[in-house]
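Peer 1: Handing you this structure, nothing more for now.
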Ligand SMILES: [Zn+2]
């Protein structure tokens, strides 16, 4: 598999007018293979297992919010990076999940070929399903290199997506609390 991948990279280099045999490019196919192996390692990880390993009983039924989780992903249309921040909130129903597992969950889905909308939904869905939350809210703010580098849009423009589930859809109060907590984080950076 690795050989097949590396041959494809060599072909690509030739097609764009490069010489894969020149010194600077000799190790490039192997490097690209290793980079893609890492950047798509989320396919080999099971979100259910990650969350189930850290579920705790709790009587807490207040909103839990983890904001400003950095992520890096690859767009499935151009294989170019998109990256930014994820804010994840949920309202527990007798069970809470270890806080470090939420950034892990984001990585599982970010380290796959993605579109931003789908990444947002997958994070929300798996928290609903595997943690049994009463409600979930996920917001992603990201910059897309396939947009910026190709000059389709101005540099530094961000794309925002959100996915709301359960009580975040039903209750306006919950929704308002969620969005005001995210926005307040923009003033307090420490
Ligand atoms: Zn793209």
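Glycine too: its Cβ is placed from the backbone N, Cα and C atoms.
Feature list, courtesy of TrEMBL:
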- 6-182: domain 'GTP cyclohydrolase I' (DOMAIN)
- 75, 78, 146: Zn(2+) binding site (BINDING)
Peer 1: Around residue 78 (Zn(2+) binding site), which residues of its chain at least 6 apart sit with Cβ under 8 Å of its Cβ?
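Peer 2: Looking at Cβ-Cβ distances below 8 Å from residue 78 (Zn(2+) binding site), excluding near sequence neighbours, one finds 146.
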Peer 1: On a simple 10 Å Cβ count over all chains shown, which one of the binding-site residues 75, 146 is most densely packed?
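Peer 2: Ranked by Cβ atoms within 10 Å, first place goes to 75.
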Peer 1: Quick one: which residues besides 75, 78, 146 have a Cβ within 8 Å of the Zn(2+) site's Cβ centroid, in sequence order?
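Peer 2: After dropping the recorded site residues, what remains is 74, 76, 77, 79, 80, 82, 144, 145, 147.
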